[in-house]
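Reading through the structure tokens given below for one structure.
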Amino acid sequence: MNNVLKLTQHEFRDLLRNPSIIILVVLPIFMSKVIITVMDQSGLNFMLLSTWILFAQVMVGIMITGPGLIEERESKTFDALLISPLSKGQIIVAKGLTVLILSLLSQTIVFLLNYGLSWAFWPSLLYMILGGIVFVEMGIIIGFLVNSSQNGSAVSSAVMIIFFLVVTVYEALPNWTYPFFVAWPSIEISQNLNSILKGDGLLLMESLLLPLWIVGLSLWISRIGEE
Amino acid sequence: MIQLTEVSKSFQKKLAVDRLSFSVGKGEVFGFLGPNGAGKTTTLRMMTGLLQPTNGEILINGMNISLHKKNLHAQIGVVFELPNLYARSSVRDNLILFADLYGVTSNRVIEVMDSLQLLERQRVRVDSLSKGWKQRVLIARALLHKPKVLFLDEPTSGLDPNSAALIREYIKIIKTEGTTIVLTTHDMHEAEELSDRVGIMHAGRMVALDNPQSLKNDYGKAEIETEYWQDGEIIKTSWPLADEATKDHIYQLMTSGQMISLHSKEASLADVFAVLTGSELS
Ligand SMILES: Nc1ncnc2c1ncn2[C@@H]1O[C@H](COP(=O)(O)OP(=O)(O)OP(=O)(O)O)[C@@H](O)[C@H]1O
Ligand SMILES: [Mg+2]
């Protein structure tokens, strides 16, 4: 555990030395403030706070983890870690944890900047963490399956857009399609957040599916890790 | 110290390493030679547990690397073929990370940096260092935890002669401390200068393995080079040292007063390499 924290600390410093990482963390904050303000003024009920929290999750989780891991595999610094006392699992946890912290930072600022600190923050935090984990895990999978940086950025962007876009689209579709969409983690998160922010509390089905995603993706990662 | 038994590795259909068996003794320097693509790096990666052999087993210090990875990783150091350092971090931060992971004191970090003359540059970002300096940082990182076995994949490739010589001297010092060393190189003089024994790989097979002198005796051809006058011109000719007729040629040239110079040219490892691996590119 101690070693995991040492690597996390190093990862954190390394990421913060990289300007493009800072942009990825700040962009959701900036966009949420601008677009929510515009939507408010024009009286539209579209692209709400939940959308932007999700955006921060997907953006930071996938776009930092995936390409970062591929870069590390390409430059072979990953090999240096593998022959250190760290196990493969510890390396993955340390890397995931680092991005998760950045993801929570971005999400929290999006929330506070647009909604202020209220009781709703605390139940929302649960979904920020769960969703944060899901998308970091997706980033890790992309980071292991894709073999070149160029492809990595393309695949990461595509996955990010799909998971983000589905949230802005599904509400416009007829109700009977919902059982299909509820399987998407991004929908589970935004539905719960919307419900919390409206004061309606948590949604059972949507909440239970999220840990399933986390477990499923973890199993996938450990299977890839063994190869 | 290190024992390979019938080790093979194939990538998809390609057989990169083919039934390799050899051992390296404690405190020995073992030099790996072979053309590009012979399988040297692949073998080193299997010996360090980064690749799983398709067949065969590798023991280090009596333990199977596949089964006791973390235990053995504490006892080995690796200088990789590529300078795989954190480019955005300083020399010091690169070393401190691994020192922390190995549980090594900061005094040791300073000691290692000092021995490689890195102290002055410890705050420099690695991506602004030249190749020679990066190589020193790589070596420093591999030595932090005082490994019993050190693997070096082409430690002097691409370095200027002075930097290369400095690194060779350093490797000799590590050897005197009793470290077992396995290194690959394309520099025949380096292999000869550093290695107790040399293994030559070709297309995944070990085609020869012995100390440099025996290899030269077995495969090289020592020659006598002469310069002499003939019909007003200077002629250069070499004759094999081992040939019966050579002494007659020499005797004749010397008694007739034609001889200008006479040198013996001993076989080099490069000759051995050429004989064993052919001249074709692989
Ligand atoms: N990950 C891999 N996937 C597929 N083939 C590989 C892989 N790694 C190595 N090979 C192949 O295995 C063979 C041996 O490669 P290796 O890198 O071990 O050679 P080498 O002796 O180190 O060569 P060099 O002197 O150029 O460093 C090569 O033909 C190479 O193409
Ligand atoms: Mg190689």
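Glycine is treated like the rest: Cβ placed from N, Cα and C.
The transmembrane segment feature in TrEMBL is assigned to A:21-39 (among others).
Per TrEMBL, the feature domain 'ABC-2 type transporter transmembrane' maps to A:41-222.
What TrEMBL records for A:51-70 (among others) is transmembrane segment.
Here TrEMBL flags A:91-113 (among others) as transmembrane segment.
Under 8 Å from some Cβ of the transmembrane segment (A:125-146) lie the Cβ atoms of residues 53-54, 57-58, 60-70, 73, 92, 95-96, 99-100, 103-104, 107-108, 111, 152, 155-156, 159, 163, 185-186, 189, 192-193, 196, 210-211, 213-214, 217-218, 220-221, 224-225, all in the same chain and six or more residues away from its ends. Summarising the annotation, TrEMBL assigns transmembrane segment to A:125-146 (among others).
The transmembrane segment annotation in TrEMBL covers A:158-181 (among others). Below 8 angstroms of C-beta separation, residues 47, 51, 54-55, 58-59, 62-63, 66, 135, 138, 142, 187, 190 of the same chain, each at least six residues beyond the ends of the transmembrane segment (A:158-181), sit close to that stretch.
For the transmembrane segment (A:201-221), same-chain residues at least 6 beyond its ends with a Cβ under 8 Å from one of its own Cβ atoms are 92, 123, 127, 130-131, 133-134, 137-138, 140-141, 144, 182-183, 185, 187-189, 191-192, 195. According to TrEMBL, the feature transmembrane segment maps to A:201-221 (among others).
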